[in-house]
Every structure is written in C-alpha cells, then in structure tokens.
Amino acid sequence: MTSTGDADPDLTQDASDPLPAVPRAVQRSRALWRRARAARDAAEGDADALLASARADAAEIRRSSERRVGPILAAADQDVRDIVAAAEAEAGRIVAAARAQAPAAAAASAGAAWLLVAWTLLSTAVIVVGQGGPLAVAAAVAVSVVCPGLGIVLALGRAAGPDRGVTMVLLSVCWSGAVALLCAWTTLQQPMVQYGALVAPALVGAAVAIRRGRASTERPSPSTPPGSRSGARTGARAGCVLLLAGASAYAVSLVGSREEPIGEYGLLPTLGPWFVAAVILAVAAVVVACLLRPVWAGLGTAGLVAVGLLFTPPRVLFDHNLLAGWAYKHLGVVDLIVQQQPLQDPRDVYQQWPGFFAVAAQVQVISGADPLTSANLAQPLLVAMAGVGLAAAVHRLFGGVLTPIVATLLFLCTMWAGQFYYSPQTMCFALVMLCLAHVVTLLKSLPQDRLRTGWFGRSCGWALRDLPASQPLEPVARGVLVATVVATYLLIVVSHQITPYVLVLQLAPAALAGWLAGRWRWGYVVLATLPLLWLYLHREALSTNAALTGFSFANAQSLVTGPSSDAQELAATAARIVAALVLGGGALSALTYLRRFGTVLLPVMFAVMPVFVLLGGNYGGEAPYRVWLFASPWFCALIAKRVCDPARRRAAAVVTVGVLSVGTFLASAQATSFGMYPFLRVSDDEVAASRWLSEETPPGSTIVHLTRTFPGRISAGYAERNPLHTINDPALIDYPQFDRARLLSLSMAELHAAVIAEFGDRLYLVLARSMEEETRYYGALPEGAVLDLAGALAASPYWTVAYANNEVWVFAPR
C-alpha cells in the first residue's frame, strides 16, 4: 500500500488545479517532438551513411567483378570470332572444292555423254544389221531402258538427285511407254519414227552435257582404289574363280542334258548335279564378296547376275518358243498393236490397259523380230529391274553395300510363285520396286514433326524409336524424284488393274500416320484416285474381269483342291518350306527390333500392306501369289538387315544364309518352271495350231480349250474370235458341269449338247498332248483321259476334226 506522503507534488497540484498543467503538457509534448525529430535525423543520417557505404561496396564489387569477368568475356568473344572465322574458312574451302570439282564433274558428264552417243550408234547398227534376230531385240530393249533416261539425267546434271541409275531406268521406261502408248492409240507403227523418238532425249541430253563439259579444261582424274590387303585380294581372286567354275559347270550341265528326256519331275533331274554345282558356286561367289573387307560390290553384283541367269535361261536355251501357254494371250494384244488395229473393244481388259503391250509392240516393231523371240528376253530383264530396285531401296533404308547384296540374293533364290513371265503384272512389279527406291528417299527427306506429335506418335511411339532423322533434299532434286515417281505411277495405272492399288496400300500407313502431311497428303489422295478414275472410264471391262468384281473367299484358296501327282506334291511342299522360311524369318527379324522399331518401320510397312489385296479383288485362287510377289522382297530385306547387323557373328550368319539360299533356289526352281517344264513347254505344233485358230477360223467363233495351258490367242485375230470378251479362252474343266467326275461320265451326245448350251454352236474345242501332262500333274483327270477323249471325239458322229497335227486336235460340233 503506497503512502500518500510519497506522491508527486506536480500531479497533486494538477489534480487540484488543472489549468496550470496545460502549458506543462504542451512543453512536454514539444520536448518529445524534438527528441523524436532528433531521433529521425539521426536515423536518416545513419541510413545515408549505410546507403553510401552500400553504394561504395557495390561499386567496389562491380569493379572487382569487371576485373575478373572482363578477361573471361574477352576470351569468349575471341573464341566466337575464331569459330566464325573457322566456319567461314571451311565454307570457303567447301565452295572452292565444289567449284574445283564442278569442271571435273562436267567433264565426267561429257565423257558419259560421248559413251551414250557411241552406245546409241552401236545399238542402231546392231538393230539394222541384225534386223529380226535376238541381237536386234536386245539392242532395242537396251535403247528403251537406258537411252532416254540417261539423256535426261545428263541434261539435269546435279539436279537429278540421288540414285541416278534408278532415275535413268524409270525415266527411260516412262518415256518409252509414253511414245508406245501414243503410237498404239493413234494406230501408228513406224519403226523410224518410234526409234527416233526414243533416241532424241539421249542425243539432246548428250549434247547438253558435252556443251557443259567444254566450259572446263579439266578431265576427270581416274579414281584410285585404296590399297587392299593381300587377304582381300586373295578373296577377290577366289570369288572370280568361283564364278568361272560355276559358268563351266552350267555349260557342262546344258551340254549333257540336251539329249536327255524330260521326266515327270522336270528340268532339275535332267540338268543333273552339274547344275546344282553351278548354283552352289554362284552363291558362294556372292558369299565371298560379302565376307571381304571392304565388301567388293563388283564381285557381289556379278554373283547376283549369275544367280538370276541360272533361274531364267531354260526357256531361252532349251526352247525357241515362249514358255507357259498362259503367256501367249499377251502376244495377241501385242500383235494387234503391231498390225495397227485400233484398241476398240471396251470389254477387253487388255485393250483398255495397254501399257505393257504397247511397249512390247514397240520393241517388236523396232527390232523386226518374231514376237516369240522378243518375249523370251522379258523374264531376265524384268527380274534384273526388280533386283536393282530392291537393292537401291535397301541401300537407302540401311546404308552400306552388304545388306543390299544379301537382300537381293535372298529375293532371287525365293521366287517360287512363278510370277516372272511375259506379262503386264511382271513389268509393273519391276517398276514398283524401282519406284519404291525413290519413295524411300522422299519419305526420309520429309519432316517428321507431324509423325511424332500426331496421333500415331502419341499412341504408337514405340514404332518410332530410332527412326532415322530426316535427310533433306535440294528442292530441284526432290522435284525430279517426285516427277519420276508420278510418271512411273501413271504408266502402271494404264498397264495393270491391280498393281496401282498395291503401291497405294504400301504408302497408306505413311499417309494415315501423318508422315505425308499438307500437299504431300493431298498428292497421295489424288494419285490414289487415279486407278479408280481409269476403272470408271473403262467400267465395261468389269463385266468380263473377275479380278475386279470384289472379294471372294475363293480368292485365298488354292487352285489345286484334289489329289495330284507326286511331282506336284513335291513342288507344293517345296513352296511351303520356302514361304515359311521367308515369312517366319522376316517376322522374327522384325520382332528383334521392337526396342528400335523405327529402324525397320518402312520395310515392315511395305511387307505387310500387300496382304489387303486379298480383300479388293477376286483372282480365283491366285491372289496369294500376288501377295507373295509384292511382300516377299521386303521380308528378305528384313532378314538381310538382321543378318548383317551384328559385327561379331556376321561372317557365320552370311555363310548360313548362303547355304540356305542354295536350298531355297532349288526348291523355288522345282516349284516353278523347272518342275512344271513338261507341260509348260510349247511345241511348234501347238504354235501352228494356235495360229490357225486365231487366223483361219470364222470371225465370231468361240475357242474353247479343255484345260488352261494351251497357247491361245497368239495373233491379232483373237479380237474377232472373242465373243465372250474374256481375258482367256474358256477352259472346259473350269466350269462346274464339266468337272472331273461329270466330264468323264458324259457321252459324246451329252457333251455335244452341254458344250453348245454353254458356248453356242460356233465353237472349236481344243485338245493337246500337253494337256495330258497338265491334268496328270494336277490330278485333274486320270492318266490317259485326254488322249482317250480325243479319240472318242474323233470317232463321234457329233463332232468333226477341224484341224489336227501331231500334238493338237481341234474339234467342231456337227
């Protein structure tokens, strides 16, 4: 408790007298204000001092930093100047090197131009001197396939872009096709005019290249190959020895088999072990070329040529007539064009898709050769074109030389489907293979942003792993490649009904996934509609062509449904084994790249999409062969990629592929023309009978064959003897009422009535000894049934023998 005596007197006074306390409060507040202002002034002074000190410290830090960073910035600036100077110097060096090489390149083009001129003159001389012979045919083919395109490539120079060899062949075929089609549609067949149109681009291009080369005084210096090791030289010599030994073995097999009879199993047993040795030696030469370091492309190419020739020559060396009776129907259309008759039948598929026939007629007109002579050279030429296309495409896909050689070897040794013959489809297939080489180059040059960021990249990103980066092309080079592809595609559209859709299908994933974007996608859409437009313009042909009438389950079924001969069973087993090896090997090879699937994305796309051909038409059991034809090269490419990828065990893998290739070659040969040779060969009597049927029978007659392999429609007269407007003369056993059981049970009177009811009374029924071989091979009729039927028809009062020779009997109803 506080005592009141200790209280402040002022407060006591204030409490008793409030007025005197006011001045003191004012004074006190003023004193407090003065103290506050003094504190503020002191704080401001301290703040100013601190700010000045901070500024001084900052200035010192800045000066210190400038002292430290300045040299670094100066050094960096100097480095930038040095880099820019080095880049400018390198660019100048590259430009100077390009300018230095330009005269040499121009001089090299001029040298090639002089060679082209010499080649043109030599071909002209061969055609004139050898008119009508095989040499004239070979020269005319060489001019058609080489000269126009080479002249255009020489005129374009560097603008021709990469893969100039492929561009040369495609442009040559397109130019030859354009000239041939123009002459066919105008019914103008003048050898001098057509030959002049073919060599004109060659001479003009050569003149441009020679003029360009005259501006340079330099001559192309011969390239000096790098010194090779003694082991490589020894391997190269060994490869050459293998090729020479293979050629000798093949010659021995031919000489020893000329007089040997052809048995049930065809040519292989007749050719004997020497032919097998030739195959082994040719494949061994390719394997040796692949094992050399570096890979010797020249030896590999020579070995591949030998393998290809071993598969094709029997039809040239054994027979002067075209092999396979079903190919003769194409000769009639060719002869129609040669005879300058109009292509006016709207229901004749071949007359409405005349590209191949026009080119073949042009070769025949220029060479003056018999159609059988020129037709025999079609298979080796078209196989070579397809092989070049595959090798170029694989080289663009995977680079190097080894993988293209292995892929081409596998392709040549697995041609079991027998689709390489004198036909529009074979020519178009070869053009597609060449065309896809340029398509690969164009796809790899396109930006991949839309592909990676679009729906495909989001949902299937795994398929783009390790997809090679874009490889831009110069605009002019890209334009040349695009123009070449489009021109080739147009020729395919007017040459075959199915092949354009195969190419469209093979590119469909790229369009749907966004790889083809903008104007590229619209261009694809336009090209995809062209076959449909051409089909609409010639829609009357739909009524007679089952291949264009839609899907049928029979499209994927085999033509051989009943029991057949042992030879046919062997051929079928061989074909199944080859197909299983190629399809299984290709699929397994693709699966091994799942973690970097972009590496094999394009070949997988090209291999898988042809299967949809089964859904778009009705080939009546032959569609699987078409699917195999377009898909198998890319399965071979996948196998080759897998074989050539590992560096450690590559030699063992290549040797294994070589051993398997020998087996697949022999199996494929047995499954095709080698095994079926007994009924595929066409005798002179059959050719004579076919000419009589096409030229001597009354116009409006229907020619009916007992089976499918007779060589009908050999000349232009077929057009007046095709009232059914079918692509083949009808075969009796293809009709249900004349199948195996019913045909043998019919009497001559019943057969007479049934045939007239189906085909009318203006018909000629053809039987031949080769039909006996065919029906025995496939088990279509009992052995001897064809000859027995011929005897019964000859003795029947319902039939008369209209024509007969040693091999063929032609009957007409009474």
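Cβ coordinates are placed from backbone N, Cα and C, and glycine is handled just like the others.
Among the features that TrEMBL reports, region 'Disordered' is placed at 1-23 (among others).
Proximity of distant same-chain residues to the transmembrane segment (104-129), defined by a Cβ-Cβ separation under 8 Å and at least 6 residues beyond the stretch ends, is recorded for 135-136, 138-140, 142-143, 146-147, 150-151, 154, 157-158, 195, 199, 202-203, 205-210, 212-216, 218-221, 366-367. Residues or ranges marked as transmembrane segment in TrEMBL: 104-129 (among others).
Non-local neighbours of the transmembrane segment (168-188) in the same chain are 144-150, 152-153, 194, 197-198, 201, 337, 340-343, 354-355, 357-359, 361-362, 385, 388, 431, 434-435, 438, 484-485, 487-488, 490-491, 494-495; each lies 6+ residues outside the stretch with a CB under 8 Å from one of its CB atoms. Marked as transmembrane segment by TrEMBL: 168-188 (among others).
According to TrEMBL, the feature transmembrane segment maps to 194-213 (among others).
Annotation source TrEMBL lists region 'Disordered' at 214-234 (among others).
Here TrEMBL flags 218-233 as compositional bias 'Low complexity'.
Counting only same-chain residues 6+ beyond the ends of the transmembrane segment (272-292), those with a CB under 8 A from a CB of the stretch are 232, 235-236, 238-240, 242-243, 245-247, 249-250, 252-253, 256-257, 298-300, 302-304, 306-307, 310, 402, 405-406, 409, 413, 651, 654-655, 657-658, 661-662, 665-666. The transmembrane segment annotation in TrEMBL covers 272-292 (among others).
Annotated transmembrane segment per TrEMBL: 299-318 (among others), in sequence order.
Annotation comment: TrEMBL describes 401-418 (among others) as transmembrane segment.
Residues annotated as transmembrane segment in TrEMBL: 424-443 (among others). Residues 161-163, 166-167, 169-170, 173, 330, 350, 353, 355-357, 359, 378-379, 382-383, 385-386, 388-390, 392-393, 396-397, 473, 478, 481-482, 484-485, 488-489, 491-492, 495-496, 498-499, 502-503, 506-507, 510, 515, 602, 606, 626, 629-630, 633 of the same chain, all 6+ positions outside the transmembrane segment (424-443), place their C-beta atoms under 8 angstroms from a C-beta of that stretch.
Sequence annotations record features per position, and here TrEMBL assigns transmembrane segment to 475-492 (among others).
With a threshold of 8 Å between CB atoms, the same-chain residues lying at least 6 positions outside the transmembrane segment (498-517) that come near it are 425, 428-429, 432, 435-436, 439, 443, 446, 448, 450-451, 454-457, 460, 489, 492, 523-525, 527-528, 530-531, 547, 605-606, 609-610, 612-613, 616-617, 619, 626, 630. The feature transmembrane segment is assigned by TrEMBL to 498-517 (among others).
The feature transmembrane segment is assigned by TrEMBL to 573-593 (among others). Within the chain, the transmembrane segment (573-593) has long-range Cβ neighbours (under 8 A, six or more residues past its boundaries) at 410, 414, 416-417, 599-600, 603-604, 607, 628, 632, 634-636, 638-639, 641-642, 660, 664, 667-668, 670-671, 675.
Taken from TrEMBL, the feature transmembrane segment covers 600-619 (among others).
The feature transmembrane segment is assigned by TrEMBL to 625-644 (among others).
Counting only same-chain residues 6+ beyond the ends of the transmembrane segment (625-644), those with a CB under 8 A from a CB of the stretch are 386, 390, 393-394, 397-398, 400, 402-404, 406-408, 410-411, 414, 416-419, 425, 429, 432-433, 498, 502, 506, 579, 582-583, 585-590, 592-593, 599-600, 603-604, 606-608, 610-611, 613-614, 619, 650, 653-654, 656-657. Non-local neighbours of the transmembrane segment (194-213) in the same chain are 106-114, 116-117, 120, 124, 127, 143-144, 147-155, 157, 175-176, 179-180, 183, 362, 365-366; each lies 6+ residues outside the stretch with a CB under 8 Å from one of its CB atoms.
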